[in-house]
């Protein structure tokens, strides 16, 4: 029997709920939790009866398995360990100096508990270092006050406690509290917060080691296969999008995706931060105060920090407000999540927007290998080249600190994977060209006198005036015979004749199928067409799976799985490329062969169906 991943997770949740509500002893419940998790992992990855010999071909990779486990654990993130309340009470009584802070962890939602616990651990860790400093002070004297003021700056979370040193002139009480805090820190590291099943929904040590080795190899490959990006071309293309008139964007995710991409490229923020969670306030022309960073397990973090903007900060704020004013974006902010949904709210939203945003990235770079998240690494590289050596803020920091703080990484090692892009033709004084010129409109005006003779009456003149009006409102407007026919209710042959006559002026060529396509694609921003940072192909491709693709993945959960069962061949489609409003380029692989199709279609689904029909029938 084959079932979808989403149903597999729902079944796991149902089983855990039944165990939790039963009147079994807690030890028996824990064993059953572990058994349910083991059954889930066997179905997805670990069953040796299915996944051996030829069956290994059907098994997902370690990277995907890790992602699936994470998705399964997310269904239990708002549940706490059964012993958590009792453990909190015990710890509170054992460490009276911190009793109130510890009690504050109880009776809170699980995500708040994790945030508060992390803050407390950070506070106590700084206290370990402070204890060493206090021990060297000796008897508190007026001359010691300067040292205490200095310590308050170094350890701001202990400022109130340090103030008592001056008033009491005795460090004994604070020393005792800090010593108690050191013991508490050890106790908190042993505290079980998560529900029992979450500890069982993890990889085996051998699989974790293999996954780490694979990630290390991928990072090693990336660092030796730098991708060169044309800096002027990148900045100019970003600027062109941000200066498009409002009318150039329709109220749909597909139409707004290039604008969201450009804003992410200018700020280095994640897609969810641009669309929903991020709060931005311009400090000066090139610095923005940012808060609302998306976090794993921590939902959205509070507080703000300063980031650079690659464009004028005020322009960034204006275009962001324009983007978020559209109903297609507002709907994401007010999305209702089904009660049985096993994804987090941010994951559900990412599932809606991932494909159009990644499509926008491929069109922007003119490179099918590029994806939306590349903007963060490129942004970090540009910011480094522009400000690291010139901004006094980084005078005493190395580049690892720069990348870590700019990208908002808690772990400084995380930024190691964000250095695979190299800027070509970089010049810190280079500025993009912002022009009001409208060359296509000017070229069309040169053809005004041709229109009366192109068709009977004033039909061609009316078409011509309408097209010029569209270009006057939006110089980048895409003009097709389909649009002309739809808006002016004219004959197909007349619309096609007009497009053929004005093709040069419009910057298009008419193909053998009668469809208009751009005269030439803009150059790829990846200057070395052989540059490829996609080693560990399996890992990279699977990281870009959409949530819907994960949900629809089928697993065989029957007891008599056979090595001889062979999966039915299915086509694997690359990201569709939109040539114009109704023209598509579709590429796919089937049975080991590559196929492509280009033509008109009402939607991307229609285009994919036509591509399949033309190549297979």
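Glycine too: its Cβ is placed from the backbone N, Cα and C atoms.
The active site, nucleophile annotation in Swiss-Prot covers 418, and the record cites similarity to another entry as its basis. The DNA binding site annotation in Swiss-Prot covers 270, 295, 376, 409. Residues or ranges marked as compositional bias 'Acidic residues' in Swiss-Prot: 535-562. Residues annotated as region 'Disordered' in Swiss-Prot: 535-575.
On the structure: features taken from Swiss-Prot.
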residue	record	DSSP class
270	DNA binding site	coil
376	DNA binding site	helix
409	DNA binding site	coil
418	active site, nucleophile	helix
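Of all Cβ atoms in the shown protein chains, 16 besides its own fall within 10 Å of the Cβ of residue 409 (DNA binding site).
The Cα of residue 418 (active site, nucleophile) lies closest to that of 376, out of the binding-site residues 270, 376, 409.
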